[in-house]
Amino acid sequence: MSRCSEEWGPVMVMLLIDAAYGVINSLIKKSLDQGLNELVLVTLRQLIATAFLAPIAYFRERKIRPKLTGKIFFYIFLSALLGGSLLQYLFFLGMQYTNATFACAFLNMTPVFTFIIAIFFRMETVDLKNIIGKFKILATLVCLTGTIVLMFYRGVALTHASAQSFTPSLGDSAIRWTIGSLILFVSSFSWSGWFLVQSKLTKQYPVIYSMSAMMFFLSSLQSAVLGLAIERDISLWLVKGKLELITIISAGVVGSGIGYIAMTWCVLQRGPVFTSAFSPLIQIVVAIIDFTYLQEPLYLGSVFGSVLVILGLYLLLWAKNKENSMMRAKTLEASNNLNIAGAGASGQVEPV
């Protein structure tokens, strides 16, 4: 029973979390279409996530929390900007110009974009003489091709939308769709940059709950300042109706709070490759909700581009997993050889 729980526990958690993310993204799209401001949503969502995580951080990490230096605070501030304020604002804004299913397709590009940025900063290497290196390049090219298709080829509508599924202010023009694609492209790069910042931050400040609570709090401050600077109408900050309330609370508690903790647990149990492999499920859940209940249109370009992006994602994840397995095997072999050599040296006796 224990072995079964260890084997299937992370799988069930990722299925539930990504399904929840899909539902939340559909709720967010519906709320945005009904007038909820993007920056108001980000600010309130991050505040709720802070309130949810702060008590957990206090009781779990108060005795092991390292000193907060200026350098660490800067990394947390940058992490809040890239992975919180900027990412979510651009993602929700891009979703406004397109639809939730299309926006979620860009989430699948994050591992590939992270890989590209890591190469640029020499945090990742590619050996073109190795089959793994060639697969990495192939995966990147396939994903980038899918990105180009998503951004610049809309194609014919495979399904038809209801008359109520689009707001007059957004329209359905190709220009707006392209603008939304560019915004989502930038949001994906912001998310990728966050992963690289986070990789350094977790080594210097390895208290996940405290770090996350501070990140969410700083993100809410950043979003609030930007929101008040752009939107002077105070009435926008008032939550109107049950849908907005449910959306904000679920996005804060489940999307940011529980979701982050659950994914962190899955990374510790099965690794980042395993966790990343479930990301296309979010787009599938959103697509089912969008086309079944919200009656959003499905375009040929979105389907074709998404297939290429997901194919590129899994090619890269496979290559990374193979590379990690080979590195572990080499490390184990070197360790065994060292132990054998050490045993031989200690057992050697000089003749009298």
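Placement of Cβ uses the backbone N, Cα and C atoms for every residue, glycine included.
All annotation found in TrEMBL is predicted automatically rather than curated by experts.
According to TrEMBL, the protein has these features:
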- 12-144: domain 'EamA' (DOMAIN)
- 179-317: domain 'EamA' (DOMAIN)
- 7-28: transmembrane segment (TRANSMEM)
- 40-60: transmembrane segment (TRANSMEM)
- 72-94: transmembrane segment (TRANSMEM)
- 100-123: transmembrane segment (TRANSMEM)
- 135-154: transmembrane segment (TRANSMEM)
- 174-196: transmembrane segment (TRANSMEM)
- 208-230: transmembrane segment (TRANSMEM)
- 245-266: transmembrane segment (TRANSMEM)
- 273-293: transmembrane segment (TRANSMEM)
- 299-319: transmembrane segment (TRANSMEM)
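By the Cβ criterion (distance under 8 Å, sequence gap of 6 or more), the transmembrane segment (245-266) is counted as touching the transmembrane segment (40-60), at least 3 such pairs being found. Residues of the same chain lying 6 or more positions beyond the ends of the transmembrane segment (273-293) and with a Cβ under 8 Å from any Cβ of it are 10, 14-15, 18-19, 21-23, 25-26, 29, 99-101, 104-105, 107-108, 110-111, 159, 263, 266-267, 306, 310, 313-314, 317, 320-321, 324. Nonlocal intrachain contacts for the transmembrane segment (208-230), taken as residues 6+ away from its ends with a CB within less than 8 angstroms of a stretch CB, comprise 37, 39-40, 42-44, 46-47, 49-50, 53-54, 56-57, 60-61, 65, 76-77, 79-81, 83-85, 88-89, 201-202, 237, 256, 260-261, 264.
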